[in-house]
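To start, the structure itself, in structure tokens.
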Amino acid sequence: MMNLKDSKVNGEVVSFPPTYIVVEFGRDIKTETAQWLVDKISKKKKDGGAELLVIRQPATYGQNLTVHVSAEVDKLLELAEELEIRKRDKNGVLREFTVDEIEEFIDISEKDQLLTTADRQVIVRHELENIRALSHEICILGHLECPLYEGQSIMSACLHYGIITQIYPLHDTEVIRKLGPSWYKNFFQSPPFEDIRTYFGESITLYFEFLTFYTISLVPPTILGFLQMFLYPGTLAVFSILNIICATLFLELWRRKCSELAFIWGTITMTSFDEPRPNFRGVMGVDAVTGKTLPQAPRFITHLKMYCVSLPIVVVCMFGAFLVMLFSFWVEDHLRQIPDIPIVMIYIPSIVYAILVYAMNLVYRRFATFLTEWENHRTQSQFDRHRVTKLVLFEFVNNFMSLFYIAFVIQDMELLRYQLAVLLIILQALNNVQEAILPLLLKHCYHKMNNKIPLKKETPDRRGSIFQLKQYGRLIELVGVKELDPNDSRIQQAITEGSMEKYEDPYDDYLELFVQFGYVFLFSSVYPMAAFWAFLNNFLEIRSDAFKLCCVNQRPMSRKVKDTGAWQRSFQALCALSVMTNCALLCLSPSLRSVAPDLSPVAWVLCFVFLEHLLMGLRQVLHYAIPDKPEWVRVALARNNFQSKQALKLQRLLRNRRNINQSMKKVF
Ligand SMILES: [Ca+2]
Ligand SMILES: [Ca+2]
């Protein structure tokens, strides 16, 4: 697997383990600040450091000061115990790893293979993020304008102030060379989930599990769609109802699958009392659950901020987006009424609207992240959940409101069908090009350009003007930090990957599926072929997203998750809404109306209410009939609980017996 790599520095061989995390500093970092940060990373824990290994990259033109962070195997194992990382022991039982019991997990000679690269990165990243400001450190050294409060994560603060430009893990080229092709070139096998989890971590694996599960779940609606279109055209009502049942079943079964996966991965026990996220602000205090000293902040303030400030703001933003949409329709309507207007003019409002939506999205995203940060959620999963909820509400207005308008205000079903077809066939295909192929082309061009201007290595005797040197970090002399061998392949790799696009979390990929799910199920009674096009796209999506992760983006940070969080709820809300829209569309459809032409409008409304309640009831029944966790997971969880209680009892018993024996000895 991974061996220690040797670097030669000034004749002496420096052995430096594989780089887990690369830290790139800002262009005009001060020497004292850089030294302070590097010391923090390598200092002993009792002095507020992280006890990690640091080595710097030799300065090259155009590159900021960059350091590689790593740790020795023994240190990683020790930290794995501290972080309560769960591993399978030799009997195949998943439990918390401890250094004392290492022989029960793996032979001591193979100890460097126990932790996956994803584990190692999580550990190193965690240690970096947990360098917290001490009580006397009121600002970042050398930067009075960047205040710190006690217990704040120094790395997060530096990222925030731009003192550190990025912190990223490096790809493991050997692993990716094997993993990539078995994943995106393999068209008729499910993705190698276990390998993906080992390399990318739980959060990304869960996305691919979800994508695969959803794609398979699209098969019944696709078949139903074909049957309805070509064999039984008069059965639209039956088709719509079956379609909604399919969607409901898919979401219920996914929940079960999710808890199975979370159990196997050992993440099912994650709670809101877990480790606070690095940006969590609070006064240092004793944690009520673990007794450790961690930042503490009352939860009710977060709730107050969420419901009294964020919620009204989000609603106003949604309303604003809705008004923009209405205005674009209104302008288009007016343009159509002008006689002899060139056809191009009519499309201008839609184009302007599309550009506006794009711009609004960009601004709103930053804003939503800022708001969620301000709400101060304790764990990463809470933060993600609340951020996603805010974003999804806004995206809902942008993506679906115009279709609602066409369906229920203009009531032009031909136009609606045409719009859906364009969105599902052309836009999805274009999106895949933009997602995976375009960045690759750009990267290719960038490299061609870059190769023409070779990176010049700076040698001590060929130093440029002071001005240039200041820019490229040569003047920054770090005490006690060794330098990588200039021929080390990690240097070029860090430079290349540092310029790649970041992949923060699978938010955009989930969003794509969310929007598609809406197109397929919200208006399925108008466009039954939607499921087929979605299926076709997702079949390619599994590959293009895999390709994107392996070849286009920076290696993402591995993250632990136990479920699809806010997405599960968003999909469920969409599913409930699709019951209403489909019932309404059916009650409006001329084919159904022709069955009973004498029915009064009131009777149709009653008909809608009856049908909608019936389906909602059915959804509820399915929800109760299918338990969230499969029986075996519940049994296994109960057994784990029981066993740990027994172990505690046994420990207590042994201790008591020892105490009694000792006191007996004293007596006699
Ligand atoms: Ca796509
Ligand atoms: Ca995607």
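Just so you know, glycine gets a Cβ as well, placed from its N, Cα and C.
Residues annotated as domain 'Anoctamin transmembrane' in TrEMBL: 196-639.
According to TrEMBL, the feature transmembrane segment maps to 206-224 (among others).
Per TrEMBL, transmembrane segment is recorded for 230-251 (among others). Distant neighbours of the transmembrane segment (230-251): 213-214, 217, 220-221, 224, 517, 521, 524-525, 528, 531, 568, 571-572, 575, 578-579, 582, 585-586, 589, 591-592, 615, 618-619, 622-623, 626; these residues of the same chain sit at least 6 beyond its ends, with a Cβ under 8 Å from one of its Cβ atoms.
Marked as transmembrane segment by TrEMBL: 306-331 (among others).
Look at TrEMBL and you will find 343-364 (among others) tagged as transmembrane segment.
What TrEMBL records for 391-410 (among others) is transmembrane segment.
With a cut-off of 8 Å between Cβ atoms, the residues of this chain six or more beyond the transmembrane segment (416-442) that come close are 402-403, 406-407, 501, 512, 516, 519-520, 523, 526-527, 529-530, 533-534, 537, 540-541, 544-545, 547-548, 551-553. Under the heading transmembrane segment, TrEMBL lists 416-442 (among others).
The transmembrane segment annotation in TrEMBL covers 510-536 (among others). With a cut-off of 8 Å between Cβ atoms, the residues of this chain six or more beyond the transmembrane segment (510-536) that come close are 207, 210-211, 214-215, 218-219, 221-222, 224-226, 228-229, 236-237, 239-240, 243-244, 247, 388, 391-392, 395-396, 399-400, 403, 407, 413, 416-417, 420-421, 423-425, 428, 431, 564, 567, 570-571, 574-575, 577-578, 581-582, 585-586, 589.
Residues 314, 317-318, 321-322, 325-326, 329, 357, 360-361, 364-365, 368, 416, 419-420, 507, 511, 514-515, 518-519, 522-523, 526, 566, 570, 581, 584-585, 588 of the same chain sit 6 or more residues outside the transmembrane segment (391-410) yet have a Cβ under 8 Å from a Cβ within it. Tertiary neighbourhood of the transmembrane segment (206-224): same-chain residues 190-191, 193, 196, 239, 242-243, 246-247, 249-250, 253-254, 257-258, 261, 506, 509-510, 513, 517, 520, 524, 528, 531-532, 534-535, 538-539, 541-542, 545-546, 561, 563-564, 567, selected by CB-CB distance under 8 Å and a gap of 6+ residues from either end.
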